[in-house]
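A.B. asks: Here it is, the structure, as structure tokens.
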Amino acid sequence: IGVLGSGDFARSLAIRLVCSGFKVVVGSRNPKRKAGLFPSAAEVTFQAEAVKKTDVIFVAVFREHYSTLCDLADVLVGKILVDVSNNTEINHHKESNAEYLASLFPACTVVKGFNVVSAWTLQSGARDGNKQVLICSNNQEAKRTVAEIAQVMGFTPVDMGCMSSACEIENIPLRLLPAWKIPIFLALGLFLCFFTYNLVRQVIHPYIREQKNKFYKIPIEVVNTTLPCVAYVMLSLVYLPGVLAACSQLYYGTKYRRFPDWLDQWLQHRKQIGLLSFFCAALHAMYSLCLPMRRSHRYQLIDTAVKQAVEKKMTVWVEEEVWRMEIYISVGIIALGLLSLLAITSLPSIANSLNWREFSFIQSTLGFIALVISTLHTLTYGWSRAFDENQYKFYLPPTYTLTLLVPCTVILAKVIFSLPCIQQRLLRIRRGWEKGRYVKFVLPSAAGEYSSGETSSNV
């Protein structure tokens, strides 16, 4: 195998090829100076010599340096060139790097591949999970050859089609969390809404009505009140699109009608939404543990003790509040534990070790149980305070009452869908039954002959 280039990627590529049992010849403009950078088993020589000795050549140079290889055009005839380059910006050029390389060397067969694999991954191999290598070319035999090399190196080759796919392959490493943008903006939007709402209730209201300065609550208390709201609503948004999809299938009586684009996108982003829900819940748990460490909390404890001494109260024990907090914390721990399980099983390395039934049970059944337990956690926090008029600041209801709207809707819908009459109909639809579809049947006549006819599947 030939490697043209002496940069970090070329060096990592040579190391991986040597470890995989290939004989590697590295072509460099300064072989004497670069030889010490490569493994001793690899031969480092001039570019022309490396090209002559090999049939498959990895071109590990930047696009702007392709022209320096034009002097090798005669010796490159009939060779397979693997373009591993990337751009600095998405769609920076009209044509992909691989197409540009093919235009410079029309007598060669160009294959796009290995550009989505980092230099570090090449050195470490595929030990940290499945690593895909996207490959495209107009020559099937060349693609097969490069795919076999990738398999021997411990990677999973994926055929992306002809050379026209090279532009899309080159854009993949440049995209910053493409599947996370909508969920992140959704989480930030919910956080800002709930944060503003809690700020008005916990800080602005006492400042205006009672002239009390409680702005110290903003960094910890207001944030800690906001995070569980975001986590709870985000968790319910994981299961709400499934409810809407089931309603659509029941209404139209078929599973073959496409969902609206917004619902289709929503269904595809459920994993990211769920992980952000777990992230907010974990932050809420950490913030809650830090509440007693605050200086303001210590001052409040001292004030309470002084008032109790002045009023000569022997105890302030309230049995109902004790039980409420015990149940509230216990249920919250269970909910966080289930969310942790959901987050762990969403990792590819863990998900690949589960069969479909196991994965579905954890993500669907246990996920719904986590939503129910989170609802109990919220209800226990509210207890009977939802009916206390003092809790309505500026006539605004407590925050937790607002967060209950979407989750309770999802839970109610799930209960309705579990009814036998609806569950059986939904199951039939998902197994291919359609409302209004006509099917042919054959009936025997009185003379013993068979006559054909048709009837609606509704009959």
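Just so you know, glycine gets a Cβ as well, placed from its N, Cα and C.
Pasting the feature list from TrEMBL:
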type	residues	note
DOMAIN	1-87	domain 'Pyrroline-5-carboxylate reductase catalytic N-terminal'
TRANSMEM	182-200	transmembrane segment
TRANSMEM	230-252	transmembrane segment
DOMAIN	230-372	domain 'Ferric oxidoreductase'
TRANSMEM	273-294	transmembrane segment
TRANSMEM	327-347	transmembrane segment
TRANSMEM	359-380	transmembrane segment
TRANSMEM	400-422	transmembrane segment
A.B. asks: Which residues of the same chain, at least 6 past either end of the transmembrane segment (273-294), have a Cβ under 8 Å from a Cβ in it?
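C.D. replies: Apart from its flanks, the transmembrane segment (273-294) reaches 183-184, 186-187, 191, 220-221, 223-224, 227-228, 230-232, 234-235, 237-238, 332, 335-336, 339-340, 342-343, 346, 367.
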A.B. asks: What average pLDDT is reported by the model for the domain 'Ferric oxidoreductase' (230-372)?
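C.D. replies: Across the domain 'Ferric oxidoreductase' (230-372), the average pLDDT comes out at 93.
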A.B. asks: Within the domain 'Ferric oxidoreductase' (230-372), how many residues are helix, strand or coil going by DSSP?
C.D. replies: 119 helix, 0 strand, 24 coil
A.B. asks: With DSSP helix as H/G/I and strand as E/B, how many residues of the domain 'Pyrroline-5-carboxylate reductase catalytic N-terminal' (1-87) fall in helix, strand and coil?
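C.D. replies: Secondary-structure composition of the domain 'Pyrroline-5-carboxylate reductase catalytic N-terminal' (1-87): 36 helix, 19 strand, 32 coil.
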